[in-house]
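> First the structure, which I've put down as C-alpha coordinates, then a few questions once you've had a look.
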Amino acid sequence: MSLPVLVAVMVAATLVGIGAERRWGAAAEARSRSTMGVLLTWVLPPVYLVLVSRLHVDLTLVSGLVTGFLALGTVGVLAWFVSSRLLRLPPATVGAVILATIVSNTGYFGLPLVRTVLGGDELGPAVAWDSLVAQPTVFVSAFAVGAAFGTVGSGEAAGRGARLVAFLRNPLLWASVLGLVVPGDAPDWAGDVAQVIIVAVLPVGFFVVGVQLSAQGEDGSLLRDARGRLLPPEVALVVVLRLVVAPLIVVTASVVALDLPPGMLLQAAVPTGLNGMLVAHRFGLDFRPVAASIVWTTTIMAVGVLVVEAVG
(Lines of atoms letter the chains of each structure in order from A and count residues from 1; the text may use other names and numbers.)
(Lines give C-alpha, C1' and ligand atoms only; values in the text may rest on other atoms or scores of the structure.)
Protein backbone atom coordinates (compact mmCIF):
# COMPACT_ATOMS: atom_id res chain seq x y z
CA MET A 1 0.00 0.00 0.00
CA SER A 2 1.40 3.38 -1.03
CA LEU A 3 1.52 6.29 1.37
CA PRO A 4 -1.22 8.33 -0.38
CA VAL A 5 -3.51 5.30 -0.30
CA LEU A 6 -2.70 4.78 3.38
CA VAL A 7 -3.69 8.35 4.21
CA ALA A 8 -6.83 8.10 2.07
CA VAL A 9 -7.90 4.93 3.88
CA MET A 10 -7.26 6.61 7.23
CA VAL A 11 -9.45 9.61 6.34
CA ALA A 12 -12.19 7.45 4.83
CA ALA A 13 -12.31 5.13 7.85
CA THR A 14 -12.59 8.11 10.20
CA LEU A 15 -15.46 9.58 8.20
CA VAL A 16 -17.23 6.21 8.10
CA GLY A 17 -16.86 5.99 11.88
CA ILE A 18 -18.37 9.45 12.32
CA GLY A 19 -21.25 8.52 10.03
CA ALA A 20 -21.84 5.23 11.82
CA GLU A 21 -22.05 6.91 15.22
CA ARG A 22 -24.47 9.53 13.95
CA ARG A 23 -26.62 6.82 12.36
CA TRP A 24 -26.58 4.16 15.08
CA GLY A 25 -25.43 6.09 18.15
CA ALA A 26 -24.54 4.04 21.21
CA ALA A 27 -24.75 0.78 19.27
CA ALA A 28 -21.94 1.90 16.96
CA GLU A 29 -19.84 2.99 19.93
CA ALA A 30 -20.36 -0.34 21.69
CA ARG A 31 -19.53 -2.27 18.52
CA SER A 32 -16.35 -0.25 17.96
CA ARG A 33 -15.16 -0.96 21.51
CA SER A 34 -15.89 -4.69 21.17
CA THR A 35 -14.02 -4.77 17.86
CA MET A 36 -11.01 -3.15 19.48
CA GLY A 37 -11.23 -5.74 22.25
CA VAL A 38 -11.10 -8.57 19.71
CA LEU A 39 -8.11 -7.00 17.98
CA LEU A 40 -6.20 -6.39 21.21
CA THR A 41 -6.96 -9.83 22.65
CA TRP A 42 -6.91 -12.23 19.71
CA VAL A 43 -5.58 -10.66 16.51
CA LEU A 44 -2.63 -8.46 17.43
CA PRO A 45 -0.86 -10.53 20.15
CA PRO A 46 0.29 -13.23 17.66
CA VAL A 47 1.41 -10.47 15.30
CA TYR A 48 3.49 -8.82 18.02
CA LEU A 49 4.92 -12.18 19.05
CA VAL A 50 6.05 -12.90 15.50
CA LEU A 51 7.53 -9.47 14.80
CA VAL A 52 9.34 -9.13 18.13
CA SER A 53 10.73 -12.67 17.87
CA ARG A 54 12.52 -11.57 14.70
CA LEU A 55 14.07 -8.65 16.56
CA HIS A 56 17.62 -9.01 17.85
CA VAL A 57 17.87 -7.48 21.31
CA ASP A 58 21.02 -5.46 21.90
CA LEU A 59 22.17 -2.39 23.78
CA THR A 60 20.91 -0.10 21.04
CA LEU A 61 17.38 -1.45 21.31
CA VAL A 62 17.32 -1.20 25.10
CA SER A 63 18.79 2.30 24.96
CA GLY A 64 16.10 3.30 22.48
CA LEU A 65 13.33 2.11 24.79
CA VAL A 66 14.85 3.98 27.73
CA THR A 67 15.17 7.09 25.57
CA GLY A 68 11.50 6.77 24.71
CA PHE A 69 10.50 6.86 28.36
CA LEU A 70 12.80 9.83 28.99
CA ALA A 71 11.33 11.72 26.03
CA LEU A 72 7.74 11.09 27.14
CA GLY A 73 8.58 12.04 30.71
CA THR A 74 10.21 15.26 29.57
CA VAL A 75 7.35 16.40 27.35
CA GLY A 76 4.85 15.39 30.03
CA VAL A 77 6.54 17.63 32.59
CA LEU A 78 6.75 20.46 30.06
CA ALA A 79 3.04 20.04 29.28
CA TRP A 80 2.22 20.29 32.98
CA PHE A 81 4.46 23.33 33.58
CA VAL A 82 3.30 25.40 30.61
CA SER A 83 -0.40 24.57 30.93
CA SER A 84 -0.58 25.07 34.70
CA ARG A 85 2.02 27.77 35.40
CA LEU A 86 2.03 29.84 32.22
CA LEU A 87 -1.42 29.29 30.69
CA ARG A 88 -3.01 28.88 34.15
CA LEU A 89 -5.54 26.34 32.94
CA PRO A 90 -7.89 24.49 35.33
CA PRO A 91 -6.70 21.08 36.58
CA ALA A 92 -9.08 19.10 34.35
CA THR A 93 -7.65 20.83 31.28
CA VAL A 94 -4.05 20.51 32.50
CA GLY A 95 -4.52 16.77 32.84
CA ALA A 96 -6.01 16.59 29.36
CA VAL A 97 -3.04 18.45 27.89
CA ILE A 98 -0.63 16.04 29.58
CA LEU A 99 -2.58 13.05 28.26
CA ALA A 100 -2.63 14.41 24.72
CA THR A 101 1.13 14.88 24.92
CA ILE A 102 2.22 11.52 26.33
CA VAL A 103 -0.35 9.17 24.75
CA SER A 104 0.60 8.46 21.14
CA ASN A 105 -0.94 6.48 18.29
CA THR A 106 1.96 4.07 17.81
CA GLY A 107 -0.32 1.12 17.04
CA TYR A 108 -3.02 2.01 14.53
CA PHE A 109 -1.05 4.87 12.94
CA GLY A 110 2.62 4.30 13.69
CA LEU A 111 2.96 0.63 12.73
CA PRO A 112 1.21 0.87 9.33
CA LEU A 113 3.19 4.05 8.62
CA VAL A 114 6.48 2.33 9.46
CA ARG A 115 5.54 -0.63 7.24
CA THR A 116 4.62 1.67 4.35
CA VAL A 117 7.44 4.21 4.61
CA LEU A 118 10.37 2.17 5.96
CA GLY A 119 9.49 -1.41 5.05
CA GLY A 120 8.86 -4.58 7.01
CA ASP A 121 12.38 -4.83 8.43
CA GLU A 122 11.70 -1.84 10.70
CA LEU A 123 8.49 -3.25 12.17
CA GLY A 124 10.34 -5.11 14.92
CA PRO A 125 11.77 -2.00 16.59
CA ALA A 126 8.49 -0.17 15.98
CA VAL A 127 6.47 -2.94 17.66
CA ALA A 128 8.91 -2.96 20.58
CA TRP A 129 8.36 0.79 21.02
CA ASP A 130 4.60 0.39 20.86
CA SER A 131 4.32 -2.50 23.31
CA LEU A 132 7.15 -1.67 25.73
CA VAL A 133 7.02 2.16 25.76
CA ALA A 134 3.71 3.50 24.48
CA GLN A 135 1.35 0.98 26.03
CA PRO A 136 2.90 1.00 29.52
CA THR A 137 2.63 4.78 29.31
CA VAL A 138 -1.13 4.44 28.82
CA PHE A 139 -1.74 1.86 31.53
CA VAL A 140 0.53 3.46 34.13
CA SER A 141 1.26 7.13 33.42
CA ALA A 142 -1.98 8.09 31.68
CA PHE A 143 -4.14 6.49 34.36
CA ALA A 144 -2.07 8.22 37.04
CA VAL A 145 -2.59 11.58 35.31
CA GLY A 146 -6.31 10.91 35.08
CA ALA A 147 -6.51 10.07 38.78
CA ALA A 148 -4.46 13.12 39.77
CA PHE A 149 -6.25 15.75 37.68
CA GLY A 150 -9.68 14.22 37.08
CA THR A 151 -12.95 15.36 38.59
CA VAL A 152 -14.43 11.84 38.83
CA GLY A 153 -13.03 8.41 39.58
CA SER A 154 -12.19 6.95 42.94
CA GLY A 155 -11.54 3.62 44.55
CA GLU A 156 -10.99 0.95 41.93
CA ALA A 157 -11.21 3.36 38.99
CA ALA A 158 -8.38 5.54 40.24
CA GLY A 159 -6.49 3.13 42.44
CA ARG A 160 -2.98 1.88 41.93
CA GLY A 161 -4.20 -1.70 42.06
CA ALA A 162 -6.54 -1.17 39.11
CA ARG A 163 -3.75 0.41 37.07
CA LEU A 164 -1.43 -2.48 37.89
CA VAL A 165 -4.07 -5.03 36.91
CA ALA A 166 -4.75 -3.24 33.62
CA PHE A 167 -1.02 -3.12 32.93
CA LEU A 168 -0.48 -6.81 33.69
CA ARG A 169 -3.55 -7.92 31.74
CA ASN A 170 -2.36 -6.26 28.54
CA PRO A 171 -1.90 -9.18 26.09
CA LEU A 172 0.30 -7.14 23.74
CA LEU A 173 2.83 -6.61 26.51
CA TRP A 174 3.13 -10.32 27.24
CA ALA A 175 3.19 -11.25 23.57
CA SER A 176 6.13 -8.90 23.07
CA VAL A 177 7.95 -10.20 26.15
CA LEU A 178 7.41 -13.77 24.94
CA GLY A 179 8.76 -12.80 21.54
CA LEU A 180 11.91 -11.48 23.19
CA VAL A 181 12.60 -14.58 25.28
CA VAL A 182 11.58 -17.37 22.89
CA PRO A 183 14.68 -18.76 21.18
CA GLY A 184 14.77 -18.55 17.40
CA ASP A 185 13.01 -16.32 14.92
CA ALA A 186 9.53 -16.77 13.52
CA PRO A 187 9.57 -18.08 9.91
CA ASP A 188 9.55 -15.66 7.01
CA TRP A 189 5.99 -16.52 5.99
CA ALA A 190 4.75 -15.64 9.49
CA GLY A 191 6.54 -12.31 9.27
CA ASP A 192 4.91 -11.60 5.91
CA VAL A 193 1.44 -12.40 7.27
CA ALA A 194 2.07 -10.22 10.33
CA GLN A 195 3.01 -7.27 8.12
CA VAL A 196 -0.21 -7.63 6.13
CA ILE A 197 -2.27 -7.68 9.33
CA ILE A 198 -0.53 -4.57 10.66
CA VAL A 199 -1.65 -2.59 7.62
CA ALA A 200 -5.10 -4.22 7.55
CA VAL A 201 -6.01 -3.01 11.05
CA LEU A 202 -5.46 0.65 10.09
CA PRO A 203 -9.05 1.27 8.90
CA VAL A 204 -10.44 -0.45 11.99
CA GLY A 205 -8.43 1.79 14.28
CA PHE A 206 -9.47 4.99 12.54
CA PHE A 207 -13.08 3.85 12.31
CA VAL A 208 -12.98 3.72 16.12
CA VAL A 209 -11.39 7.20 16.18
CA GLY A 210 -14.28 8.51 14.08
CA VAL A 211 -16.90 6.87 16.28
CA GLN A 212 -15.36 8.21 19.49
CA LEU A 213 -14.87 11.72 18.12
CA SER A 214 -18.49 11.83 17.03
CA ALA A 215 -19.76 10.32 20.30
CA GLN A 216 -17.97 12.91 22.43
CA GLY A 217 -18.87 15.85 20.21
CA GLU A 218 -22.62 15.66 19.85
CA ASP A 219 -22.96 19.37 20.54
CA GLY A 220 -20.90 20.14 17.43
CA SER A 221 -18.14 21.94 19.32
CA LEU A 222 -15.77 19.09 20.06
CA LEU A 223 -12.77 20.70 18.38
CA ARG A 224 -13.39 24.24 19.64
CA ASP A 225 -12.69 25.66 23.07
CA ALA A 226 -15.10 27.81 25.08
CA ARG A 227 -14.10 30.87 23.03
CA GLY A 228 -14.72 29.11 19.72
CA ARG A 229 -11.05 28.79 18.74
CA LEU A 230 -10.03 25.82 16.57
CA LEU A 231 -6.41 25.99 17.71
CA PRO A 232 -6.33 27.28 21.30
CA PRO A 233 -2.96 27.66 23.06
CA GLU A 234 -3.22 24.35 24.92
CA VAL A 235 -3.73 22.42 21.68
CA ALA A 236 -0.90 24.30 19.98
CA LEU A 237 1.26 23.33 22.96
CA VAL A 238 0.43 19.65 22.44
CA VAL A 239 1.22 19.90 18.72
CA VAL A 240 4.67 21.33 19.47
CA LEU A 241 5.50 18.88 22.25
CA ARG A 242 4.07 15.80 20.52
CA LEU A 243 5.37 16.39 16.98
CA VAL A 244 8.51 18.47 17.57
CA VAL A 245 9.99 18.20 21.06
CA ALA A 246 9.46 14.48 21.70
CA PRO A 247 10.95 13.29 18.39
CA LEU A 248 13.72 15.89 18.65
CA ILE A 249 14.83 14.39 21.97
CA VAL A 250 14.94 10.89 20.50
CA VAL A 251 16.62 11.95 17.26
CA THR A 252 19.24 13.95 19.18
CA ALA A 253 20.05 10.94 21.35
CA SER A 254 20.31 8.80 18.23
CA VAL A 255 22.62 11.19 16.40
CA VAL A 256 24.84 11.90 19.39
CA ALA A 257 25.29 8.41 20.78
CA LEU A 258 22.77 5.65 20.12
CA ASP A 259 22.20 5.25 16.35
CA LEU A 260 18.62 4.08 16.90
CA PRO A 261 16.60 2.13 14.30
CA PRO A 262 14.53 4.33 11.96
CA GLY A 263 11.38 2.52 13.09
CA MET A 264 11.85 3.88 16.60
CA LEU A 265 12.56 7.39 15.35
CA LEU A 266 9.33 7.43 13.37
CA GLN A 267 7.34 6.06 16.31
CA ALA A 268 8.62 8.93 18.46
CA ALA A 269 6.90 11.39 16.11
CA VAL A 270 3.45 9.83 15.75
CA PRO A 271 0.33 11.85 16.64
CA THR A 272 -1.81 11.81 19.77
CA GLY A 273 -3.58 8.52 20.42
CA LEU A 274 -7.25 7.73 20.99
CA ASN A 275 -6.58 6.18 24.41
CA GLY A 276 -5.92 9.65 25.80
CA MET A 277 -9.51 10.64 25.10
CA LEU A 278 -10.84 7.43 26.66
CA VAL A 279 -8.84 8.07 29.84
CA ALA A 280 -9.95 11.71 29.88
CA HIS A 281 -13.58 10.68 29.62
CA ARG A 282 -13.22 8.05 32.34
CA PHE A 283 -11.72 10.45 34.90
CA GLY A 284 -13.74 13.54 34.03
CA LEU A 285 -10.98 15.53 32.35
CA ASP A 286 -11.64 18.10 29.64
CA PHE A 287 -11.72 15.83 26.60
CA ARG A 288 -11.85 18.63 24.01
CA PRO A 289 -8.09 19.38 24.07
CA VAL A 290 -7.40 15.67 23.63
CA ALA A 291 -9.84 15.29 20.74
CA ALA A 292 -8.59 18.44 19.03
CA SER A 293 -5.01 17.26 19.49
CA ILE A 294 -5.82 13.91 17.85
CA VAL A 295 -7.23 15.70 14.80
CA TRP A 296 -4.51 18.36 14.56
CA THR A 297 -1.48 16.12 15.15
CA THR A 298 -2.79 13.36 12.88
CA THR A 299 -3.55 15.82 10.10
CA ILE A 300 -0.19 17.56 10.38
CA MET A 301 1.70 14.26 10.51
CA ALA A 302 -0.20 12.81 7.54
CA VAL A 303 0.31 15.92 5.43
CA GLY A 304 3.95 16.08 6.49
CA VAL A 305 4.82 12.55 5.41
CA LEU A 306 2.99 13.07 2.12
CA VAL A 307 5.00 16.23 1.45
CA VAL A 308 8.26 14.51 2.36
CA GLU A 309 7.50 11.65 -0.01
CA ALA A 310 6.48 14.05 -2.78
CA VAL A 311 9.71 16.05 -2.62
CA GLY A 312 11.77 12.88 -2.39
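Just so you know, glycine gets a Cβ as well, placed from its N, Cα and C.
Relevant sequence annotations retrieved from TrEMBL are reproduced here:
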- 6-24: transmembrane segment (TRANSMEM)
- 36-55: transmembrane segment (TRANSMEM)
- 61-82: transmembrane segment (TRANSMEM)
- 94-113: transmembrane segment (TRANSMEM)
- 133-152: transmembrane segment (TRANSMEM)
- 164-182: transmembrane segment (TRANSMEM)
- 194-215: transmembrane segment (TRANSMEM)
- 235-258: transmembrane segment (TRANSMEM)
- 290-311: transmembrane segment (TRANSMEM)
> Below 8 angstroms Cβ to Cβ, which residues of this chain, lying six or more residues outside the transmembrane segment (6-24), approach it?
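Those are 31-32, 109, 112-113, 116, 199, 202-215, 298, 302, 305-306, in sequence order.
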> Is the transmembrane segment (133-152) in contact with the transmembrane segment (290-311), using three or more Cβ pairs under 8 angstroms as the rule and ignoring pairs under 6 apart in sequence?
no
> Which one, 36-55, 61-82, 94-113, 133-152, 194-215, has the most C-beta pairs under 8 Å toward the transmembrane segment (235-258)?
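So the stretch in question is 61-82.
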